[in-house]
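Here's what Swiss-Prot has on this protein:
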type     : residues       : note
ACT_SITE : TYR185         : active site, O-(5'-phospho-DNA)-tyrosine intermediate
BINDING  : GLU271, ASP323 : Mg(2+) binding site
DOMAIN   : 91-224         : domain 'Topo IIA-type catalytic'
REGION   : 1-34           : region 'Disordered'
Amino acid sequence: MSEKKRRGGAGAGAASGSASKKPRVSTAASYAESLRSKLRPDASILATLRSLASACSKSKPAGSSSSSSSASKALAAEDDPAASYIVVADQDSASVTSRINRLVLAAARSILSGRGFSFAVPSRAASNQVYLPDLDRIVLVRRESARPFANVATARKATITARVLSLVHAVLRRGIHVTKRDLFYTDVKLFGDQAQSDAVLDDVSCMLGCTRSSLHVVASEKGVVVGRLTFADDGDRIDCTRMGVGGKAIPPNIDRVSGIESDALFILLVEKDAAFMRLAEDRFYNRFPCIILTAKGQPDVATRLFLRRLKVELKLPVLALVDSDPYGLKILSVYMCGSKNMSYDSANLTTPDIKWLGVRPSDLDKYRVPEQCRLPMTDHDIKVGKELLEEDFVKQNEGWVKELETMLRTRQKAEIQALSSFGFQYLTEVYLPLKLQQQDWI
């Protein structure tokens with residue numbers, strides 16, 4: 001063999017070795033296209049989805065086991081001072097105003113007797129927010145702290161609490177709803193910033209034992225929904241198949257939603273608006289009957305309430321599509337077992353048994369996502385990932401642990417949009433159909 005050929009052969013071998021470590025886009029694209037040929041007819045995938053939906057409709061609600069049932073009964077006794085955890089419930093306006101009146105009268109009597117006044121507020125400190133395996137959600141331990149109008153350090157917080165109680169009382173008496181922003185702007189100088197009024201609003205919910213929606217104070221619209229769903233919004237009939245690419249805004253007043261109907265086989269929960277728009281424009285819900293919703297990032301209260309209500313009333317499985325990074329998993333965990341800042345209302349805000357469809361860390365190699373479409377994890381990403389591994393609700397799911405360990409080992413993350421490197425419609429035409437066909441969720 002000539003020296004030239006030997007050099008050429010060595011060079012080719014080196015190039016081949018390099019390619020095996022980092023697939024060229026053309027190689028990855030070729031493999032991605034080969035996956036398309038593995039797709040079975042839609043009728044076969046639909047049969048799989050019907051079986052999943054049927055099994056979900058027959059299964060007992062999460063937390064209905066004997067141990068969870070007894071725990072739920074104990075928690076439901078919201079007026080029982082011996083109850084270990086706080087549970088709030090929806091209440092009508094008359095009940096909430098009556099409770100506010102009793103608080104104010106007690107404060108007035110205390111002042112007239114010369115003792116001053118103090119609010120007994122459930123402590124929402126981090127140490128009181130715990131994950132309860134039997135209920136599969138984060139709950140708030142029942143511990144109270146005093147908020148007296150006694151000195152400079154406590155008087156301002158007590159004043160803000162009294163002001164919020166007064167504003168909520170006025171809103172309920174008028175029978176209207178206001179946003180958290182509206183509430184803040186009623187007394188900007190007192191509140192200082194909206195974080196103050198928002199935090200006290202949560203305190204008031206705990207004090208009164210009611211959900212925040214019972215206070216008639218809501219967040220601005222954020223989440224959207226599209227797909228095989230119809231419902232009445234304050235009497236107006238909404239057809240979510242006719243909402244266009246942007247979808248229908250999820251109403252902030254979930255109590256005004258009624259008449260929910262659907263022929264969907266599953267609910268697809270999407271982390272980001274970009275993926276939602278792709279799914280909506282391609283009318284993915286017509287090919288595979290589903291309801292698609294997103295909170296466009298961090299889950300807001302209205303979207304969490306709406307998702308839970310759809311799950312409970314329609315008895316459909318929920319599949320989640322999030323970024324392959326620690327924050328995608330954190331967002332998924334908020335939907336499933338709640339957030340710590342609203343742990344007092346986790347019974348109403350959580351949707352257990354959401355199945356993690358993608359994009360999972362193991363998918364990056366399985367679907368040969370090109371290296372240039374992956375991102376290196378930052379030190380902060382790694383820190384968040386390690387913290388997640390220590391969370392009890394993560395330890396309960398072996399699949400989550402394995403995926404997180406894969407992410408931390410490879411130190412790589414990727415957004416849902418990384419799949420667009422194979423084509424803008426690869427998500428809807430290949431990736432998701434193949435995932436559904438293979439029942440590839442955890």
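Including glycine, each Cβ sits where the backbone N, Cα and C put it.
All features noted in Swiss-Prot, drawn onto the structure.
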residue : record                                                : DSSP class
TYR185  : active site, O-(5'-phospho-DNA)-tyrosine intermediate : helix
GLU271  : Mg(2+) binding site                                   : coil
ASP323  : Mg(2+) binding site                                   : coil
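Annotated pair GLU271 (Mg(2+) binding site) and TYR185 (active site, O-(5'-phospho-DNA)-tyrosine intermediate), C-alpha to C-alpha distance, rounded: 31 Å. Taken residue by residue, the domain 'Topo IIA-type catalytic' (91-224) breaks down under DSSP into 75 helix, 25 strand, 34 coil.
Remark: of the binding-site residues GLU271, ASP323, the most isolated position is ASP323 (fewest other Cβ atoms within 10 Å of its Cβ). Cα separation, TYR185 (active site, O-(5'-phospho-DNA)-tyrosine intermediate) to ASP323 (Mg(2+) binding site), rounded: 36 Å. Predicted-model confidence for the domain 'Topo IIA-type catalytic' (91-224) is 91, expressed as mean pLDDT.
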